[in-house]
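**Student:** Structure in structure tokens, see below.
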């Protein structure tokens, strides 16, 4: 339900009144989180449902909408949802990760309140706690552009806009998978792949996932909320024109298939200009050894006759193909984004880099158990969210800043430290981050609270001389980046969003076993101009439960 508020409201935030722009509409959702039993791969298993749905409902919003989601936790474990790609300007309290929020305890509810401020694009949400993502609880989050902002393509009709969630899937429950990781083992390969919660069949029978009208153009929003597997997506007999990825309009290249790495989202236009009959959507793993896996779903032309051809389009081979595809992605410099000015008016390539962070991943054993690390530090979540400790001005009682160096050891990382990994950064610094992957498997990285410029992905080891290969003109502004085996990726961003923000591996197993850190973008002014107060409805946990609330920020 959405209502437009036509008067100025006053919101009480931790004892202070804050003006809220009354012209921005509010969208209200009530979500019940429950367990259910379904059979995505033909085996009955426990999954997480939202209002009885798997995958969960899609949030359809518009730039600057206030999104209110009242989440009732009716499962038997603490639970959080994170809104992947939403920047939560000045509001890391709503990010839905354990560094900035106490989890929603079973039998209670929490109301998220965030604004999709100055954003457009294709995003998703998913659980961030206790490997719940392996059981579902994910869905699409769409931020439409305002009608006054021109779109660089003809916008399909409202009902011609489809979400396609593709992900790997395990037949073990999330609690069983968690026990595997806790015992020191790895998740190994998945048992299957899903498209919108189903594996599909190739017998030409069954109901279509979507119905198309001949001659119309449709938008497909494709996201990978999976655990660890990069997937290739293609549509039998149809090409895809890429128009947007993770909040940025892009140069509109045409592709036969797209590699969608874990955590990534793309929006493509597909014209229904083929023979009227059925066709298959196909998703299959990339870089996965062993017996081939695949998911299919039918699309049907209205009035069409004839089943889909059993000859499915083949996916690409090798990661060099994927790297070359990444190099074709370019920012559309003439298109407006959430505001009526060209995306390319921000000349990021002309800004001096304040500091370089080089993050090298590693997989090591600690006391016989597998841990993943960044620069030799494997993150451990403390009972008190570090952001709460900062707000209550007792960080020294919960964690130490900067236990991890921003420069990795010169030698191979063999020793790993388990600690709460928080880096203190200077507000408004322009930062270069290098993600280096010395391992033999592909990785995917996510930065909360920001979009960044993905300026390079290259094989080998990064050195300062590699900056000559950076794209400093039209690299896409996005929030995830893949790093191929024995390769590196470079991103540029300005730390201009005060709060505490998670940088993590999007491979859930790696995040759970420590491959993440938090960046504290701290504003010593404690001003509402730079950061919001702790919301009154936030549940408390850890050492702050019985502490008096600090004086609230004010203007």
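Counting begins at 1 with the first residue displayed.
Cβ from N, Cα, C; glycine included.
All annotation found in TrEMBL is predicted automatically rather than curated by experts.
What TrEMBL lists as domain 'Plastocyanin-like' is 33-146, 161-303, 402-524. Look at TrEMBL and you will find 1-22 tagged as signal peptide.
Have a look at these and tell me how they're positioned relative to everything else.
**Tutor:** Over the domain 'Plastocyanin-like' (161-303) the predicted model carries a mean pLDDT of 97.
Helix, strand and coil counts from DSSP across the domain 'Plastocyanin-like' (402-524) read 11 helix, 57 strand, 55 coil.
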**Student:** Could you give me the DSSP helix, strand and coil counts for the domain 'Plastocyanin-like' (33-146)?
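**Tutor:** Residue counts for the domain 'Plastocyanin-like' (33-146) by secondary structure: 7 helix, 52 strand, 55 coil.
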